[in-house]
């Protein structure tokens, strides 16, 4: 089991420094691959449309996932509802490369997340703080991403979550060994993982940024804040020029600390997605609060 998990962590590590894009058709997947995406997330609807449509959001139709898998040579991910291990079993049977247990879909279980040790396929999970990240890793997640607030085109929550996780990691590195057990209790996370973070100053898995990334500048901001890579959902195919936006975001992630290049790739992209002011959302419309 541990060998398998090490392999899964290494698979996630290979995506480091890259962009993972949400796609809803084989054509979009091809655009993403051409633009330099390291993986695609196969969906029926991007988060902005899920948000607009309302109702219950579930796993995508296997037909869509198969068509997208057939169209590209890069890894394909797909989302399942929090706690819905049968949706995960179906995705594993389809030969998906990564499963995202995602708060963007309507949670199926409000008490338990999926026990990811039951699966061979690697999982990615969202987190808004260190305790949440470590609980997901304890359940077998091979990759963490900020939750942000998907489908809003507003990066503020992703920034908040990344800063929060970084600050909590930094704090652990300053604690003496005798204080770590109390920290584990406070974080509601296993002691061995808390100890690992305290010793290494980082999570034991890669930590990507997600939720509200809409422009090359947003992507570079998350990288400068310490993200290992970025997920871009609605931001690409809800923009005026998806091909150009996709290529620009990939470049921005590669050259995140080179303002001259960022200025160049940000030019003439057309309108970014309209976006939503998060303060206008009601509590029930917030995705980041789903899961624990």
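Each residue, glycine too, has its Cβ placed from N, Cα and C.
Site annotation (Swiss-Prot): D-ribose 5-phosphate is bound by 22, 212, 233, 234, and the candidate from 83, 140, 151 recorded at this site is 151. Residue 22 (D-ribose 5-phosphate binding site) falls within a strand when secondary structure is assigned with DSSP.
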